[in-house]
Amino acid sequence: MSSVNWELKGCCKQDQKIFLATIGICTVVILALWRTILLTPFKLITVFLHEASHAIACKLTCGHVEGIQVHANEGGVTQTRGGIYWVILPAGYLGSSFWGMVFILASTNLLTARIAAGCLGVALLIVLFVAKNWTLRGLCIGFIIFLAVFWFLQEKTSVRILRYIILFIGVMNSLFSVYDIYDDTISRRVNSSDAEKFAEVCPCPCNGVGWGVIWGLVSFMFLCGAVYLGLVILS
């Protein structure tokens, strides 16, 4: 039985050039519009995936999710009961970074882009029924409609950009996750941050800033890994 070869052989073919160029364009657009209202829905989707990752970790460790909130100021709360606390806490930052990598990789193929869009739509629909505030409900409804429109355009018209929408969401999620970790745990110490709470329950001699640095490096590795694996897939 042959093993999987993750080595990148040859770069760059046409598809790989388009992939790298699109990531570069997405990055420039995101940075240029960072402080504008145009990016707010996409930032809130990152917050949504952050909170959803807490919820998934809670369910996987036999806990109960009592509610999820996403706020207009780009904050969020997941109310949980039970589960393994030290697994649930880091799942938010690392989970949103992981989903960013998944979306970037899914964009390399139309079938996987459809699956990613469908799974995100289903996740939004599920969370719609446990959302505890109208910001999150509005976000869920708005993005379900947003994904449905681009899916329809992909299937019924000559506007075939679903892959690029998924790639943009992935890049946005990856960049915002790294920024969020830096802003919440490294540049300033927020006592209520996941990193500070994790430092309190983890026996390791590491404070919240230290865990922020570690999580930030892991998140950045997810982004780099997504670009590399995307090139491997397209090679």
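Cβ coordinates come from backbone N, Cα and C, glycine included.
Nobody curates TrEMBL annotations by hand; they come from automatic prediction.
According to TrEMBL, the features are:
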TRANSMEM  18-37  transmembrane segment
TRANSMEM  83-104  transmembrane segment
TRANSMEM  111-130  transmembrane segment
TRANSMEM  136-154  transmembrane segment
TRANSMEM  161-182  transmembrane segment
TRANSMEM  213-234  transmembrane segment
Query raised in the report: Is it true that the transmembrane segment (83-104) and the transmembrane segment (213-234) have 3 or more Cβ pairs under 8 Å, skipping pairs fewer than 6 apart in sequence?
Result: yes
Query - Tertiary contacts of the transmembrane segment (213-234) (same chain, 6+ residues out, Cβ under 8 Å) - result: 6-8, 11-13, 15-16, 19-20, 23, 90, 93-94, 97-98, 100-101, 104-105, 107-109, 170, 174-175, 177-178, 181-182, 185-186, 195, 206
Report summary line: For the transmembrane segment (136-154), the distant same-chain contacts (Cβ-Cβ under 8 Å, at least six residues beyond its ends) come to 41, 44-45, 48, 68-70, 110, 114, 117, 120-121, 124-125, 127-128, 160-162, 165
Query raised in the report: Do any residues of this chain, six or more beyond the ends of the transmembrane segment (18-37), have a C-beta under 8 angstroms from a C-beta of it, and if so which?
Result: 12, 104, 107-108, 164, 167-168, 171-172, 175, 227, 230-231, 234
